[in-house]
């Protein structure tokens, strides 16, 4: 595994290591979590919060999604672009989370001011894939759906979450997802091929599908 490749796996490993440090030293979370109440004094937390996670379930779900979707996207666009887009969508998700706090407070009466996790960046990755590989089949629960439809379902869930207290940073997810879609459209010249057959936008190459699996051997 070279330095300039397989960053989806490397980022996941980094997050797992940082989560271990969080468990040993809770001050790590205190220092690097995103908190809208003191963001002007700790601007670095817009980035560092991406690498923090709340509990084992949080890191396991995010790690699985990043290795799966991230490895596919990295094979399509290359490691350099993947890294750039991961951080750009993650930072954007943090900013949108902060901007969305007044809206959450208005509709729910209260809102968390702190957030952590890579979900916003991962939603960005999935948003890009929804454009580049719209007909790639994934499973939502037991149901196979194309990637473009999954993106709509995710967006709908997070939109509804704005009105229902669920302890989820819905605005961060939406910010990452929609910026990912915009980035994807910029890469395709504004085109998205939904439902077409025998197109490079519909079918994953064997290399794309198995890239993350090979790295586990």
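Including glycine, each Cβ sits where the backbone N, Cα and C put it.
Per TrEMBL, the features are:
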TRANSMEM  12-34  transmembrane segment
DOMAIN    43-186  domain 'Peptidase S54 rhomboid'
TRANSMEM  46-70  transmembrane segment
TRANSMEM  82-105  transmembrane segment
TRANSMEM  111-132  transmembrane segment
TRANSMEM  137-156  transmembrane segment
TRANSMEM  168-188  transmembrane segment
Intrachain residues whose Cβ lies under 8 Å of the transmembrane segment (111-132), provided they are six or more past its termini: 11, 15, 29, 33-37, 49-54, 58, 62, 65-66, 69-70, 72-73, 76-77, 82, 85-90, 92-94, 96-97, 101, 104-105, 147-148, 150-151, 154, 167, 169, 172-185, 187-188, 192, 201
Secondary structure composition of the domain 'Peptidase S54 rhomboid' (43-186) [DSSP: H/G/I, E/B, coil]: 105 helix, 10 strand, 29 coil
Segment proximity, the transmembrane segment (82-105) to the transmembrane segment (168-188), 3 or more C-beta pairs under 8 Å: yes
